[in-house]
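Peer 1: Structure incoming, see below.
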Amino acid sequence: MGVEQILKRKTGVIVGEDVHNLFTYAKEHKFAIPAINVTSSSTAVAALEAARDSKSPIILQTSNGGAAYFAGKGISNEGQNASIKGAIAAAHYIRSIAPAYGIPVVLHSDHCAKKLLPWFDGMLEADEAYFKEHGEPLFSSHMLDLSEETDEENISTCVKYFKRMAAMDQWLEMEIGITGGEEDGVNNENADKEDLYTKPEQVYNVYKALHPISPNFSIAAAFGNCHGLYAGDIALRPEILAEHQKYTREQVGCKEEKPLFLVFHGGSGSTVQEFHTGIDNGVVKVNLDTDCQYAYLTGIRDYVLNKKDYIMSPVGNPEGPEKPNKKFFDPRVWVREGEKTMGAKITKSLETFRTTNTL
């Protein structure tokens, strides 16, 4: 049996019970689904193509800045206008094209800090309008990252929004503890090292507050991870996720070995064993952004370097002064090279996360 057998909707954007069943199946079968940050139709189809060819589910997500870029850099982001419109545009685009790839897709929004809550509000309003018309939210899930705030404010704000989301059977991802580095709206580059490791009690406090509302939530607990790539050693300790599972299991008194759905942030540069340790301890989603950005660049960079004598002018190249160069500078040609290398990176990650051939 594979993923398709446990889903009501086999292809395209999945929501509600299907999202919960997908993550449950992933946890039980010890694989994680990569979440790819998309900033354009090009990056979206690169991810969809890689997942299709690997017979895998995929998560596509927009960050606050990525959503604004999707809308167009010429649009003002005052009041989160561009980020709201861009996220909604990306969602509708992905909903329209994803079924053509024949795989299940989770449509997600990435880190939303306190100062970005107007963006979250705008997306939720779009969800509720879509729900009123179609009986399901526009997005499968959203993430609140209030890790800069006190745990009390973090959790209480998540509770407030989660009640609203639960009415649409929507998934919530939240972050407790600090992931190092910098991500849209949250900068923890100078965080104290001890703060980079979430404690079991913190995780249980989240579970205790959210589970009575709905079981549809996941927790990004910090274990020394950092967003982006940084020189020097990063002391990742994904094994501590087992302590979170054990503590919550004992507090709840449940028989389920891993009651928590966990998320791996800041995975750039992590080893295969570190990923596997996290996945074995309940990680069902791994964020991929920095590595994919660089992979996308490499295809375009190498194309430009290899074809430089064919793209210096519209006409004239080493084959002759009158030879046209349109087939070399056509964006459909060189952008495609970025899609190929980004797709190759995602394909490799799907293998690392044990997601390949899970459909």
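Glycine too: its Cβ is placed from the backbone N, Cα and C atoms.
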Peer 1: Out of Thr11, Thr24, Thr43, Thr157, report back the residue that Swiss-Prot marks as phosphothreonine.
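Peer 2: Going through Thr11, Thr24, Thr43, Thr157 one by one, Swiss-Prot flags Thr11 as phosphothreonine.
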Peer 1: For the set Ser56, Ser214, say which residue Swiss-Prot annotates with phosphoserine.
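Peer 2: Cross-referencing Ser56, Ser214 with Swiss-Prot, phosphoserine lands on Ser56.
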Peer 1: From Ser268, Ser349, pick the one Swiss-Prot annotates as phosphoserine?
Peer 2: Ser268
Peer 1: Quick check on the recorded positions Thr11, Ser56, Ser96, Asn287: which one has the highest count of other Cβ atoms within 10 Å of its Cβ?
Peer 2: Asn287
Peer 1: To the nearest Å, how far is the Cα of Ser147 (phosphoserine) from the Cα of Ser268 (dihydroxyacetone phosphate binding site)?
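Peer 2: For Ser147 (phosphoserine) versus Ser268 (dihydroxyacetone phosphate binding site), the Cα atoms are 20 Å apart.
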Peer 1: Please tell me which one of the recorded positions listed here (Thr11, Lys27, His111, Lys308, Ser313) sits closest to Gly267 (dihydroxyacetone phosphate binding site), measuring Cα to Cα?
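Peer 2: Minimum Cα distance from Gly267 (dihydroxyacetone phosphate binding site) across Thr11, Lys27, His111, Lys308, Ser313 lands on His111.
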Peer 1: Quick check on the recorded positions Lys27, Lys73, Lys85, His265, Lys308: which one has the highest count of other Cβ atoms within 10 Å of its Cβ?
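Peer 2: Counting Cβ neighbours within 10 Å, the top one is His265.
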Peer 1: Minimum Cβ neighbour count within 10 Å among the recorded positions Ser76, Ser147, Ser268: which residue?
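Peer 2: Least crowded of the recorded positions Ser76, Ser147, Ser268, by Cβ count within 10 Å, is Ser76.
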Peer 1: Would you mind sorting out which of Lys27, Lys85, His111, Thr150, Lys308, Ser313 (the recorded positions) have a C-alpha within 10 A of the one on Asn287 (dihydroxyacetone phosphate binding site)?
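Peer 2: Hits: none.
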